[in-house]
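Novice: One structure, as structure tokens, below. Some questions next.
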Amino acid sequence: MVHINNEDVNNNEVNRSRRFHFGILALQGAFQEHIHMLQNIPQVSSAIPIRKVEQLATIDALIIPGGESTTMALIAERSGLMEPLREFVRSGKPTWGTCAGMILLANEANKTKKGGQSLIGGLDITVNRNQFGSQIDSFESALRIENVTTSSDHLFPAVFIRAPIISSINSPDIEVLARLEHNVGETDTSAIVAVKQDNLLATAFHPELTNDDRLHKYFVQLTQDYYYTGKKEK
């Protein structure tokens with residue numbers, strides 16, 4: 001006979017119904033749009049801008065937004081946030097980097113400014129910064145995203161602004177979620193633009209600049225799964 005631990009059952013039900021606290025790194029870049037997107041998702045209890053070290057202890061998951069990755073890294077270092085951000089990622093808590101945020105989450109980055117730049121790290125990937133050129137080379141592309149889009153006629157409207165790409169996958173733990181659907185200049189359809197590794201998510205584009213909240217719901221679900229199971233999701 002299988003013995004059911006009522007305390008475990010009750011704890012699981014609490015986890016299933018709990019709402020989560022999200023932080024959006026707000027040193028520079030498009031953080032407010034992420035806040036607005038998250039506030040409309042029922043499982044989100046709060047979505048707050050993160051500017052101080054002590055705020056990291058109040059959140060369940062973190063989004064590192066688009067912007068200028070070098071500037072964001074410099075501000076994080078000057079404000080004493082860089083090492084606490086690394087510790088947050090190392091702890092296994094769900095973290096999502098979009099555009100510049102993806103660069104900061106990468107373990108390696110090419111095409112950096114002279115002298116390079118500090119990275120938070122955690123994702124076993126190498127990225128190319130500004131793969132497609134300057135601001136005037138921004139574009140939109142409809143993408144198939146694993147576990148997010150459900151059919152070829154309901155693709156995700158990805159917005160690319162001075163976007164990076166993933167030039168190298170450096171671990172078998174990396175799951176490729178999306179590639180370009182067509183050539184863009186000298187960049188072809190093999191270019192990887194979204195990945196997942198355990199509870200780290202990274203997208204080269206700006207989902208917060210659309211009206212499509214599927215990726216935000218995906219990240220909320222990833223967060224819910226992490227706290228429901230109490231361990232890293234593979």
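Note that Cβ sites are derived from N, Cα and C of the backbone, with glycine treated the same way.
No curator has checked TrEMBL annotations; they are predicted automatically.
Straight from TrEMBL, here's the annotation block:
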- GLY67, GLU68, SER69, ARG129, ILE161, ARG162: L-glutamine binding site (BINDING)
- CYS99: active site, nucleophile (ACT_SITE)
- HIS206: active site, charge relay system (ACT_SITE)
- GLU208: active site, charge relay system (ACT_SITE)
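Provide an account of the burial state, proximal residues and distances for the features listed.
Specialist: All protein chains considered, the CB of ARG162 (L-glutamine binding site) has 20 other CB atoms within 10 Å.
A simple way to gauge crowding: the CB of CYS99 (active site, nucleophile) has 29 other CB atoms within 10 angstroms, across all the protein chains here.
Around HIS206 (active site, charge relay system), taking its Cβ as the centre, 24 other Cβ atoms fall within 10 Å, counting all chains.
Annotation for GLU208 (active site, charge relay system): same-chain Cβ neighbours under 8 Å, separated by at least 6 residues, are ALA30, GLU33, HIS34, HIS36, MET37, PRO65, GLY66, THR98, HIS216.
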Novice: Rounded to an integer, what is the Cα-Cα distance in Å between HIS206 (active site, charge relay system) and CYS99 (active site, nucleophile)?
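Specialist: Computed Cα spacing between HIS206 (active site, charge relay system) and CYS99 (active site, nucleophile) is 7 Å.
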Novice: I'm trying to understand the geometry here, so how far is the Cα atom of ARG162 (L-glutamine binding site) from the Cα atom of CYS99 (active site, nucleophile), in Å to the nearest whole number?
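Specialist: It is 8 Å, counting Cα to Cα.
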Novice: Near the L-glutamine site, what residues other than GLY67, GLU68, SER69, ARG129, ILE161, ARG162 in the same chain have a C-beta no further than 8 Å from the centroid of the listed C-beta atoms?
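Specialist: Leaving out the recorded residues gives GLY29, GLY66, CYS99, ALA100, ILE103, ASN130, ALA163, PRO164.
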Novice: Rounded to a whole number, how many Å is the Cα of CYS99 (active site, nucleophile) away from the Cα of GLY67 (L-glutamine binding site)?
Specialist: 7
Novice: Report, as a single number, how many Cβ atoms besides its own are within 10 Å of the Cβ of GLU68 (L-glutamine binding site).
Specialist: 15
